[in-house]
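The structure appears right after this line, and notes come after that.
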Amino acid sequence: MENTKDLTEHSSRSERKRRDSFGMFDGYDSCSEDTSSSSSSEESEEEVAPLPSNLPIIKNNGQVYTYPDGKSGMATCEMCGMVGVRDAFYSKTKRFCSVSCSRSYSSNSKKASILARLQGKPPTKKAKVLQKQPLVAKLAAYAQYQATLQNQAKTKSVAVSMEGFSWGNYINSNSFIAAPVTCFKHAPMGTCWGDISENVRVEVPNTDCSLPTKVFWIAGIVKLAGYNALLRYEGFENDSGLDFWCNICGSDIHPVGWCAASGKPLVPPRTIQHKYTNWKAFLVKRLTGAKTLPPDFSQKVSESMQYPFKPCMRVEVVDKRHLCRTRVAVVESVIGGRLRLVYEESEDRTDDFWCHMHSPLIHHIGWSRSIGHRFKRSDITKKQDGHFDTPPHLFAKVKEVDQSGEWFKEGMKLEAIDPLNLSTICVATIRKVLADGFLMIGIDGSEAADGSDWFCYHATSPSIFPVGFCEINMIELTPPRGYTKLPFKWFDYLRETGSIAAPVKLFNKDVPNHGFRVGMKLEAVDLMEPRLICVATVTRIIHRLLRIHFDGWEEEYDQWVDCESPDLYPVGWCQLTGYQLQPPASQSSRESQSGSSKQKKKAKSQQYKGHKKMTTLQLKEELMDGEDYNFLQGASDQESNGSANFYIKQEP
């Protein structure tokens, strides 16, 4: 019989060793482990009867707590008062959380016995009972701690529901779908997201636990929404009661095995502790063959959030008041690859402009002179201390084109996204052909005589289209202002103006497999107020062109944007980078703001859609005041998806 028993124990240890070969559970001690080698000092101690289940109740702040019973799932260390999973405690008796506590308890018990003898008192079991007093106190402290956490959680939840915005709640309550991270190549992890999908397992903090220290548990991805993932703790099966949203790129999300490598404890949630007696075996069974994050995931996240642009770098950027020219600006700050640029001559540093570092609106110093684009001379004759020119290789590259053969010519007609009203595609004319494939374009019926309101797109820009594009794709084309022969017909208009249409073959016809679908949620820059990033939805897809709707606002604020625009981001980007996200505007909030913020936006909209050209005309005399230089060759790269992160100041 003894040989059989030894063989059985040996087989059991071999099986446990085989399971441990995964290396995932080294930080989790199971009660199935062999504990026959516990210290002799501990075994010599008399057993203390476990606390009965009908113990007195401690009431703190209206919360009710009972002592752990020492058997069903939880245990309390009799030395330090640590409360934890019983299976993870030391020795057969599960009375101590570690070997050191067991030995300290034994040593203190002996010291108390010797002290009693020296004082002439008979040795009794009270030496051990003396350890119970701090235990009761600590249990009461834990009760107080837990009550405080619950009260804080209640307060926080109320605050969030009243003031904040939660992507998770927004998506769950409306069954929305978010655009996947792989749609955004310019965003962090956009090119190395990999196979992160539903059912991938991760190690996350266990919030369903009363322990004062941070512990972890395994969770699986139930749903993905951009960077955000809906997680469910392992062991809850189909119970969604404790599901929670988190940013998968956050610092508290780790691949399975991280706890073992870092010496962090894996503790099952309190709600399900009773479900299994051997959690280690459960995890082995559940996780064998499952997917987890790459071991270098956090490193990749960190690397993808390193940006080459730095404060004090000088660039040339479109003049937001005069679209036909550029100005020198200095990088003030960088957030998630977005640049806050301050125009160099702004003394109070409030005259700023926001854009992404890959925006086609910014260029290296000297770009305007090299290609002949208009440039506003700065009042500052020399660089300020600490400012330096941005290396040219950091800017977005445009596709090389061959202008030697058939090419765009001045006077050719086309359709173009109006950079001052991105919800419209307008009848437009090529006003000047510049070097390196750049074109100066004007909106028919709204142009200043001196060209001060022309804007620049590259020939490969996804924001210009051949004649007939809108009609073919059932998009409303905005006719020239004042044109009365409606409905607008291109054939009649070309004949009346004696113009020709730009050849279709010269336009960019590349349509990438972008992955966007109608109805997908994302975070998008309001290009008419480019410091704002808003909750948005894809409402139409025309080849590579996306119609972006800002949730809670009217359709007149929609914007046409290219699928590869650096002004579109996955759900969770603002949280990841620390940028402020603008939540959807509810009907009640819009009505309550009718005298303030909505009025401002309405006024701005009228400026863009109605008064924008008149404002430009009012400013045209100022434009040619000797500060503007028109070089012989030229243009400016505004190639991206209707990219126009600029506005014209409303004149009184």
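Note: Cβ is positioned from N, Cα and C throughout, glycine not excepted.
Caution: TrEMBL annotation is automatic and unverified by curators.
The region 'Disordered' annotation in TrEMBL covers 1-55 (among others).
Residues or ranges marked as compositional bias 'Basic and acidic residues' in TrEMBL: 1-21.
The domain 'FCS-type' annotation in TrEMBL covers 68-103.
Sequence annotations record features per position, and here TrEMBL assigns repeat 'MBT' to 165-269 (among others). The repeat 'MBT' (165-269): residue composition by secondary structure is 16 helix, 30 strand, 59 coil, according to DSSP.
The feature repeat 'MBT' is assigned by TrEMBL to 277-373 (among others). Across the repeat 'MBT' (277-373), DSSP helix (H, G, I), strand (E, B) and coil residues number 22 helix, 35 strand, 40 coil.
The feature repeat 'MBT' is assigned by TrEMBL to 375-480 (among others).
The repeat 'MBT' annotation in TrEMBL covers 488-584 (among others). Helix, strand and coil content of the repeat 'MBT' (488-584), in residues and according to DSSP, is 19 helix, 31 strand, 47 coil.
According to TrEMBL, the feature region 'Disordered' maps to 584-652 (among others).
If you look up TrEMBL, you'll see 586-597 marked as compositional bias 'Low complexity'.
Per TrEMBL, compositional bias 'Basic residues' is recorded for 598-614.
Taken from TrEMBL, the feature compositional bias 'Polar residues' covers 633-644.
In the predicted model, the repeat 'MBT' (375-480) has a mean pLDDT of 90.
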